[in-house]
Amino acid sequence: MTDSLHAISEHSSTDLSQSAEVRSVNAFASWQTSSQVLLDLLETWAELGWIRWLDLALARFCRETCPEAPSELLLMACLASYQSSHGHVCLDLQETLEAPQLGLSPLIQASTQTLTRLPSALRTHLTLAQCLAACSKTSLLVSLGGQHTPLVLDTSNPESPLLYLRRFWEYESQLRHAIDQRLSQRLDWPEAPIKMLLSALFPSSTQSPDWQKIACLLAIRQRFAVITGGPGTGKTTTVVKLLALLQGLRRLTQQPPLRIRLAAPTGKAAARLNASIAGQVQNLNLSSLGDAETLRAQIPTQVTTLHRLLGAQRDSRFFKHNRRHPLPAEVVVVDEASMVDLEMMAHLVQALPDNAHLILLGDKDQLASVEAGAILGRLCEAAEDAHYRPDTLAWIEALTTEPLPRHFMDKAGQALHQSITMLRQSYRFGRDSGIGQLARAVNHAATPAELEALFLGQHNDLQRLTLPELQHPAFKALICDAQQGYGAYLQGLKQRPDVTADRRAWDAWAAQMLHTQSRFQLLAALRQGESGVEALNLLIEGWLESAGWIQVQGQTWYAGRPIMITRNDYRLGLMNGDLGITLEYPLQNSEGAWRTLLRVAFPSDKHPGGIHWVLPSRLPSHETVFAMTVHKSQGSEFEHTALLLPTQDNPVLTRELVYTGITRARSRFTLITTQPQLLHLAVQRRVYRNSGQLSQL
């Protein structure tokens, strides 16, 4: 095969009417093309920030491992690495070749000095056949999965072959196998106890069809289930009833109770589920079942993070529980599953016993994980239309005596579809709720006029601030407000206990501060720039200090500073995503005199309702969160959420990001913009992540 980059060098023309793109090809072609020339070009891209140095390092590694590797392969390896940093688990070769800049996002307004280095200079003469031929020439680097090569080529769809980094191919293979295995394990429970338990758990269904009841039924039919739905649709209520149904069936069929574990991706999400599920278990009406308290006691209420569940090991990607040392559990429930990346999900399924149920809960429309993979979204792509087979539909109707609309039936429905339920009724946001209507409008790509009408309507829970600049007094007033802004919790700093009060009084005060702090949160799309959280946190610190709420005085640490942990610390028991507040804490010296020092208060993971006080100097990596990225807010909810859109368009501004920001609000949502049209642009932009093997389930 002729080297495509050599083909570029052969292509020359002196036609002065050529486009800038073709001129850039010729300028590049004037170099003596070789793998070294390509690596030099990739180094230029790294210097310009178009790719990461890590991406370049992989291309160099491939050349060192196989010096004769074609340049096309080095380029594709670099691009596969780059795409993994943007959430894709593989590189779609055909899609990449069709993208204007090979899927990269360089500044197209490049100077004339960089015009000849644009990715489009390579793209013009690259074909899919050339890329596949390059892969076939380098068995040391690329295989179809059988050999332990750094790259894996998936040609199951010849029109859209995929190139994987090895570890992502293995993770996806493990996850696909685990789901396939569980979908094939049909569980045949006797109908009589199912009907009896459903009657007790759903005594007076007001919805028809009752999707919560259907979710419970589908989840007991095999060992894998997904329950998805927007905020307030009753995912926690449903899973509690599901666990009661499973334990009840075990008891009625003379089997021992199941060992059940509950988990969430972050400490904040785990704490929220912990509080919610404890209340749901206590509210279960089990009086008609006999020995109700025994059954209630068999439903766990303790929720942990996935890292703690699997037994994360310090300075390692591996966990205590794995294929050789599986979790001692027959049922594992994972909440906020949209936040779980491919690597973590693969570790989880590897740690599950073969006979264990895996139940995923989450909102398919939320942002996917920061790391590679969009597992929940991929699994739930067809959830809106259900696609239940006739036998699934008949089974549901026989046990619920409720007919399902025929448009949910699909004779060609996949096995995966039979395990997924979408909850459709929101009990938090009624039809008149502005927040609920806005979330639905964003999800359905509403027109600018439709979105505008919602903000102009009579919705007390919606507010919009359109500002000429970020440092506008209206923005400052919102942030500092004692009822709707950060003043609501900062005024509690003046209500601290006396220094001589006992530990319980200080814990109670800190718990109240943490609770009050969750009343308001500013979210932003970006980390850097004028409208990024780094600049916003400095701006807000200044505003709050000038308003008299805090006393920064040039110090890093001050009373009232809210922080988020950004790296796990197993020694301290602090996990990425945990939220704390810097508060005064009493200390008595050797002479008996009292004073206060600053400590950071976190909700205790070991003692519900307790407080974990930590010295600031001992904390792992952390950041101030007066302003928090939307990504970091997942798993959290706030009474009043304000979402600040960037001052100019940015690729991260997507429908999923806006929807996630809106649905963090429980009672009130404020949209803050300097460029109102960005909302309309965002709802038209979807997040799409390449994922090969999960599409084949």
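Every residue, even glycine, has its Cβ placed from backbone N, Cα and C.
Those TrEMBL annotations? Automatic predictions, nothing curated.
Under DSSP, GLY232 (ATP binding site) is assigned to coil, being neither helix nor strand in the three-state scheme. Residues or ranges marked as ATP binding site in TrEMBL: GLY229, GLY230, PRO231, GLY232, THR233, GLY234, LYS235, THR236.
The domain 'RecBCD enzyme subunit RecD N-terminal' annotation in TrEMBL covers 47-155. Helix first, then strand, then coil: DSSP counts for the domain 'RecBCD enzyme subunit RecD N-terminal' (47-155) stand at 52 helix, 8 strand, 49 coil.
Residue counts of the domain 'UvrD-like helicase C-terminal' (625-671) by helix, strand and coil are 12 helix, 17 strand, 18 coil (DSSP-based). Annotation comment: TrEMBL describes 625-671 as domain 'UvrD-like helicase C-terminal'.
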Most Cβ neighbours inside 10 Å, all chains, among the binding-site residues THR233, THR236: THR233
Cβ neighbours of LYS235 (ATP binding site) where a neighbour is any other Cβ within 10 Å: 24
Per-residue pLDDT averaged over the domain 'RecBCD enzyme subunit RecD N-terminal' (47-155), given as an integer: 84
Other CB atoms within 10 A, centred on GLY230 (ATP binding site): 23
Most crowded position, judged by CB atoms within 10 A, among GLY229, PRO231, GLY232, GLY234 as binding-site residues: GLY229
Other same-chain residues whose Cβ falls within 8 Å of the Cβ centroid of GLY229, GLY230, PRO231, GLY232, THR233, GLY234, LYS235, THR236, the recorded ATP site, in sequence order: ASP363, LEU423, SER426, TYR427, ARG428
